[in-house]
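Below: the structure, in structure tokens.
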């Protein structure tokens, strides 16, 4: 995804909004190098991830690798048989680079926290907004390079479930300010799910995963299909249990009180269920205490997320009017961030926004437009002899905090106006002999389509006020 | 270079300051993908650059490459002789990946402008602040991954020399606000240099480069050494000419008037010299018209920059009190940005700040410190029962624009204060029974080491005022 400036500006504003809100909630910035040691990146990941990794080699390393293959061949070229094994080994070496590009921000976070453990204060609250890389075939809306915007709170040894309540508050702040329409933060809890499934006789986690995968097809294939599959060969679940499962995953709360009632309705159950219910109840109460409107969060017992990773609260966020976009911000609670890199136990909770994909989807759905220019004022040039005046005015405007471009090469005034209009620059400053002698300038407001004359000393202040008014209007 | 949060915050603030000033001068943001086609990246660069490139391969591409080598071996394994050439060819294929990481922002800009030529308005003013990658051996202050902050103005067919005057104004704005000490923007012009050297009988550009390389040793080896070399075997320049060259490269202007006088003193000379003088004179006059103080710019006839690339104005910027740091921002005017990618002629002028290295050098020299936290307020928790109150106060503070962290896990108040102090958080909010009943909070100001009580409704406003005052004080 490579953008032209108007889209890049819109994208940058989204990044800025996200960052501002992450900082508002006390998260600290971290950036990690794009390359990690391959052995670090691939500790955890399975085959699927590994196939999507980009490996990196410097020219020097490649040269060494080729030389090794070449040596292996040379050693036998004139001889009787070729040492194919040696050639193969050298080739494998060449094909197994030491470094790779990060494919998410979680593995680098784990490595970072393990490496700097003694210099960090826990609970460690970090945000990270960087690009990640996956060797997927490029296709519409799927990018090989894309921004992720992550926050995580990492505890040492333990981390109270209260932190699980902060993340919905951050999500609410971010998406309210991004102003992309009504949204719902969907909450569930893995312990609650486990407890419920155990009660239905589905105790094995792998089997739970398989059942959930079938249940996920409800929307597409319908109830009958899913019921037949789960009661049929392979699963052999009792019809009654399947009905309860299908009832369960359809639960969506409609208000705060309804969410609490839904939790009550689950009854006592196993310890796992009780724990999950208690955690969700605490999270719900604190989310409300943090001022998140109840329209913006709901229980959704079908949310599972990565079954092998998340252990408690899980989140997804959807746009009410665009369910087809899917989750725009997901995450959850995990038991141990960095078990591969440190002996310390580091439980955490986090969320992630895949901004490149989201931006693309929002554009496709017509929810966001290109932004106006970052340039707020164009100082035109009527006569080359006036250039020093124009430059001085631009300098005053910049000191006054206004993003200002000056026309450096004289051309017809009409052409300069047209340029401003096309570029999305709102104010055009005109300076003729008349204005110079009076110490004024003429300002044309291309948005409101009017113009006014103002004393030079008042220019920056006047335009600042106009822009502040426009911004205030937009926010109401 | 991987930073802990306090340094990351300081670094991020520098990035923000640079970006704000780039936008202030009407430059538009561009971001390009980290990977470019190898053939695009390596069109222009010589052997040295090529050896520093990082190549990228997805797991799939590597597998295909290995399979090809393996097939080449298999085809002959059982036979009489091995087709070593086929194995070598397959190995070379494996070792010549399609993609590589950008090693600067200039080549991606050239590709971007050529690709989007018909969608861009010229003169195209872009800024780009991204990381670049060079496969150097990592060493102190040299990084394999580092930020570059570039601006360029690209013209179509032609670009007035007036634009060359804008860049020193941007440099001045950036480094004034970065507040890292007195600095001087050094100006020179390649046409002027060429004209001067031609007059000394050094007409061949390659010879000029060799002479300049010797002259560059003046500081280290002394005048006698350089004079001997240039008059000696190989160069065979007349002693008088060498003296004139050494006089020339020592020219540094001491004021605006002196700069103009130094240009006058060069006399008439060749057309190239006259052009260079006229360009520098225009640049100097416009730099002044843009309000850059004359203490911040000077002629320096020893500045050459990339001899094969720059064709007119060239810039370097140095910190007056830290000459050993070298140039902190360099660039110049070039004839044609993208001749490899488009038939259009695209002259331009640009500068670049290598921020990772600069940040590291400023830290080493003790010029910048770690920043305070991005978190401005810590809301403490005296009693778990108060948590909903604490969360509500935090919510009010965040709505009031303050970056606020809440203590979620209760602990001793002393420990909470200590945490705030260590983390660099300035304000600590304390809420006891007493305050809750009165509708107030107690605020401890860790910087000023005092405390005060304030009505809850006034809290956000009060802290905003305190922070604004501190910022105003810092800027005076």
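Note that Cβ sites are derived from N, Cα and C of the backbone, with glycine treated the same way.
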Same-site residue for L-histidine (record: TrEMBL; known: A:104, A:105, A:106, A:148, A:152, A:305, A:309, A:310; options: A:88, A:92, A:134, A:288): A:134
Candidate with sparsest Cβ neighbourhood (10 Å radius) among A:106, A:148, the listed binding-site residues: A:148
Chain-internal residues near residue A:104 (L-histidine binding site), provided their CB is under 8 angstroms and they sit 6+ positions away: A:132, A:148, A:352
Binding-site residues listed as A:305, A:310, least Cβ neighbours within 10 Å: A:305
Taken over the domain 'Aminoacyl-transfer RNA synthetases class-II family profile' (A:12-388), the model's mean pLDDT: 90
